[in-house]
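Contents: one structure, followed by commentary.
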């Protein structure tokens, strides 16, 4: 049965500091992983980005097994296996008897020490003792570590350690803990007095203790930043300068015609009120990057016209607030037996693209204007190319339809993205490719082959030309529409990179991952300039605010988090969803945030006040502060009958569009 769409309308109820490069151990481990999985193209790109000599590839290849052995050899120990359980209990006792202010911080050590004690027992052949130790303390660890512990439980022999991605991550990148100097020195002194050498050795060899001066952090502050596969982000990783302001708008003056009623009678002519609108930023953003920091495509006449139309619509937008909530127009895909996976709506809200599990993509028009294909080549040759309406003449009226089918992928389509001018569409698939489609001919222009595993997400730059993709190979890649090879490789996540988005100024890219970390990358040099931790499960969506100063993220832990980019701090955690959150969207002025997901509901959040407070607060000398009262920020909830929210989108006039597939309850 063909897929149809039903429309339902609901009314309102510092100084620049470069981040240090990867250390040799980490780089070696990543290269070894890429080689083992036959990711040759990715391996070469990483070597190029890391400035490795071309001739070093052979040396890296021959040393790969030795590198793995040297990485794991740190677990070599001749200690009595029965002492591990005793030492771990001793560590717990030291923490439990500490002052309350220190206890909360020191508790962070229990999980990484537990993991590395277990690995030491396995590496040294004490398999029985390792299993007993694991079962004795496994249930005491935090809930968000349980998935990692399931992987760890499969490593019961020394040979298994060589092939475990989790273990190589934990060993090649030390687990990061942030402790106040008072808590750290007190703990170390207690362990030395009790001769707890096993724990002291783990602190020295396997953990990175990021010590800071000042008061110990509270339980709330620690929980807000915990959850990452390899701990928190190092403080120095977020010290680099980031130009997160918006670029200056082009100086385009235009006249707007506002129609007004001339009188009460229908025959009375309408009057036109003419007003001038200057497309300029009234106040230049001091945090904005240089206009020529990265090469951006020049504005064509058609781009200027699109900009004019955009600002014409924006000038008529409704300014949302707690007293004036948006209406929601919901597009329900009925009979979507092909398995709807992804939905995307163009910036001007005229087109909707849906990706399906059967490898196909369907494009719908959301306006009365039909979708038309270009006439055959022999007919086009006879047309007058200089005619003013040439773009209209080349379109074939006989091909008019409300929906077009794009066929080309050989795997599920996980993501789509429209170009700003709506002439092109990107799609990411489980077949490991990204395809660029022409929306005049509805055919493939380029098939980009760089990822060797499924590609989970793809996104166009706000200015076009650039786009970014991410996938199961733990990398994100920056491309241009003019080249079939990526121009940047963003490597540093410890697991699948699940989502990606561009900053409004197009100078930065944000990625979310299964390692429960968010990273922001500078596309000028490929460096990571921000790292955020706090999610307790896989991150499914990241999105920058319209003014570029903030980032929001959501995922399988059902939380929506708001981050400040200036200091990489968590400023709010919005709780209300009961299932995974798939989609996020800011209204056009950034005052309201919409979220939706597997719990079949759309939620609205008042973020204007939170952002204003965050801009005025200083986090440089004080620990992170978090707003917890989500109930005061919630503006409402729009439940559906039985429809997962795949996508949310605010129109230029601030009408909220939502889309998903109806699932009949059995």
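Backbone N, Cα and C atoms are what each Cβ position is placed from, and that goes for glycine too.
Annotated features in TrEMBL:
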| type | residues | note |
| --- | --- | --- |
| COILED | 24-51 | coiled coil |
| COMPBIAS | 55-72 | compositional bias 'Polar residues' |
| DOMAIN | 78-207 | domain 'TFIID subunit TAF5 NTD2' |
| REGION | 1-22 | region 'Disordered' |
| REGION | 52-72 | region 'Disordered' |
| REGION | 257-295 | region 'Disordered' |
| REPEAT | 333-374 | repeat 'WD' |
| REPEAT | 406-439 | repeat 'WD' |
| REPEAT | 448-489 | repeat 'WD' |
| REPEAT | 490-531 | repeat 'WD' |
| REPEAT | 532-573 | repeat 'WD' |
| REPEAT | 574-608 | repeat 'WD' |
Number of helical, extended and coil residues in the repeat 'WD' (574-608), per DSSP: 1 helix, 20 strand, 14 coil
For the repeat 'WD' (448-489), jot down how many residues DSSP puts in helix, in strand and in coil. 0 helix, 22 strand, 20 coil
When the domain 'TFIID subunit TAF5 NTD2' (78-207) is classified with DSSP, how many of its residues are helical, how many are strand and how many are coil? 98 helix, 7 strand, 25 coil
Could you put numbers on the helix, strand and coil content of the repeat 'WD' (406-439), residue by residue per DSSP? 0 helix, 19 strand, 15 coil
